[in-house]
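Q: Dumping what Swiss-Prot says about this protein:
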type	residues	note
TRANSMEM	24-44	transmembrane segment
TRANSMEM	69-89	transmembrane segment
TRANSMEM	92-112	transmembrane segment
TRANSMEM	133-153	transmembrane segment
TRANSMEM	158-178	transmembrane segment
TRANSMEM	199-219	transmembrane segment
TRANSMEM	239-259	transmembrane segment
TRANSMEM	263-283	transmembrane segment
TRANSMEM	288-308	transmembrane segment
TRANSMEM	337-357	transmembrane segment
Amino acid sequence: MFLWLAHFSNWLTGLNIFQYTTFRAVMAALTALAFSLMFGPWTIRRLTALKCGQAVRTDGPQTHLVKNGTPTMGGSLILTAITVSTLLWGNWANPYIWILLGVLLATGALGFYDDWRKVVYKDPNGVSAKFKMVWQSSVAVIAGLALFYLAANSANNILIVPFFKQIALPLGVVGFLVLSYLTIVGTSNAVNLTDGLDGLAAFPVVLVAAGLAIFAYVSGHYQFSQYLQLPYVAGANEVAIFCTAMCGACLGFLWFNAYPAQVFMGDVGALALGAALGTVAVIVRQEFVLVIMGGLFVVEAVSVMLQVGWYKKTKKRIFLMAPIHHHYEQKGWKETQVVVRFWIITIVLVLIGLSTLKIR
């Protein structure tokens, strides 16, 4: 919204700063951060008053039983902060902004309904897996179709392999949709599985979103993208504003979600943030880079799939408990140790992902 102020730069030279993506990206992060910090206490009080307490699973780590009753659905604060900040600092004429907000709010609505069922019916399992998959699939397919037909040229419909500049595989509409589906739905569920300890998901989301913001900014500038041999995606630079808004909103939320957590983000936050990260990766054609930078999310999801699959086949477990962060808790790691060590791993992975900008 503030972008329109740049049109009056002839009257007041200082207003010209609003046309710069970098300035608006920084301001989007600060706005979302301030929003989360300002409305965080009110959100916690409101969720507590509405008795939106988390029903802790009895088959989980026994140390988590003390968390029973902690307000959940705090992700609604994150989503509101991202939406407000993006609308204030983003370019409303950019279709990617609306696709990202649509994915964020649509999957957020699913998460909200899931959390609401858990709160009202005291059912830790929430909505059925089938219902959740149908909803997520619908959002992913619609977003994938929109992004495919927005592509300006065939370079926007290729599969980029990190570290190899000569490998770029054409996808076509079916391949593009399949890859978009796997990226959006997979990341949504992976982030949701990661959100099992205080602060475990929030900060890695900040790190990955920051990394993707750099890719978005570079991909949206023809000279930069050509120099780094990345596909040029016209308008992708505005996606960086959405990403930095996500960073600010999650950092502000982390203030209240840090151990011992005053509030949990719930599915309303985790499902939406994961889907948004996946959509950004599809826009900038960096699905494999997302796998690298979001390696923590991948490992968490794979640990669950391996555990379930192996148990169904052999009636034995690979891990003491899944997702894998609970495995390390069962081995004697303190919750804070697991969280900080997983943060460190994510920092390293994001740096490796960023190295693909130049190492080819």
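The backbone N, Cα and C atoms fix where each Cβ goes, and this holds for glycine too.
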Q: Considering only Cβ pairs within less than 8 angstroms, which of the stretches 133-153, 158-178, 239-259 has the most against the transmembrane segment (199-219)?
A: 239-259
Q: When you look at the transmembrane segment (158-178) alongside the transmembrane segment (69-89), do they share 3+ Cβ pairs under 8 Å, ignoring any pair fewer than 6 residues apart in sequence?
A: no
Q: Taking 24-44, 133-153, 239-259, 288-308 as candidates, which has the most Cβ pairs under 8 Å with the transmembrane segment (92-112)?
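A: The listed stretch sharing the most Cβ pairs with the transmembrane segment (92-112) is 133-153.
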Q: Looking only at the recorded stretches 24-44, 239-259, 263-283, 288-308, which one has the largest tally of CB-CB distances under 8 Å to the transmembrane segment (158-178)?
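A: Between the candidates 24-44, 239-259, 263-283, 288-308, the best contact partner of the transmembrane segment (158-178) is 288-308.
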Q: At a C-beta cut-off of under 8 Å, are there same-chain residues at least 6 beyond the transmembrane segment (288-308) that contact it? List them, or none.
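A: Distal contacts: 159-162, 183, 186-187, 189-191, 193-194, 204, 207-208, 211-212, 215, 274, 277-278, 281, 317-319, 322-325, 327, 342, 345-346, 349-350, 352-354, 356.
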Q: Within the same chain, where does the transmembrane segment (24-44) have neighbours whose Cβ lies under 8 angstroms from its own Cβ atoms, ignoring anything closer than 6 residues to its ends? I mean 6 or more beyond.
A: 2-3, 18, 71, 74, 76-78, 80-82, 84-86, 88-90, 213, 217, 240-253, 255-256, 262-263
